[in-house]
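Peer 1: Let me give you the structure first, and then I'll get to my questions.
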């Protein structure tokens, strides 16, 4: 298969190198276009008021891989690849392997998920891969599963245009409990802004924080209650696969709001 791979951790990240090399080694046609530096939590931002530059990168990836480092956002990278760098569209757009989870409401901030979302917006099935640890450097189990999943999709394509958000627990392959199709949960954080002063006396802030709670999604979303939540599945050492779309319409609210009146005079 022809694969486009991006990320938000940057060109030097071990996760994207492990993923791209694993897929190239089994014969896939792999192209990498990703940020030239760390771009985590940039969401779906695009660069509009300055030029975007991309340079070919050698000696980082498998010899069969063509790679570019781009000074834009993850979404910039995918858009640039699809419209300017590639000769023809890929069969799949992949993003990751991210260093850290992309679960629940985190996906709204995620550059990893947004890169894959950009592929889906352009009509290409896409997958975001994340290792649910900021510490573990063992991306091999995640890359192994990615290879299995891509091979499966080559034989049996995704039935509808969608994004698969895949989170892999940070354990050895033998310790993975299995794979679960999941629904998006909620992750809430205690946000802390660390206030500091620079040498010129100007105030600046560092955003820090930690997970406060992992809770059920709000009621009324019309989600199947018999499907497990992503954050719970990963806690139990399952690989979580959540199908996503870019349409954010709150469908059940349309009926709830249908009796509203909007007098214009």
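Cβ coordinates are placed from backbone N, Cα and C, and glycine is handled just like the others.
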Peer 1: If Swiss-Prot says 8, 9, 98 bind divalent metal cation, which of 40, 75, 88, 126 does it name for the same site?
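Peer 2: Answer, per Swiss-Prot (divalent metal cation site with 8, 9, 98), from 40, 75, 88, 126: 40.
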Peer 1: Of all the binding-site residues given, 40, 98, which residue's CB has the most CB neighbours within 10 A?
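Peer 2: Per the Cβ count, the most surrounded site is 98.
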Peer 1: Taking the mean position of the Cβ atoms of 8, 9, 40, 98 as the divalent metal cation site, which residues outside that list, in the same chain, have a Cβ no more than 8 Å away, listed in sequence order?
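Peer 2: Along the chain, the qualifying residues are 7, 10, 13, 15, 38, 39, 41, 74, 96, 99, 100, 110, 111, 112.
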Peer 1: Do any residues at least six apart in sequence from residue 9 (divalent metal cation binding site), in the same chain, have a Cβ closer than 8 Å to its Cβ, and if so which, in order?
Peer 2: 15, 16, 38, 39, 40, 98, 99, 112
Peer 1: Across all the protein chains here, work out how many other Cβ atoms are within 10 Å of the Cβ of residue 8 (divalent metal cation binding site).
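Peer 2: Its Cβ shell of radius 10 Å holds 31 other Cβ atoms.
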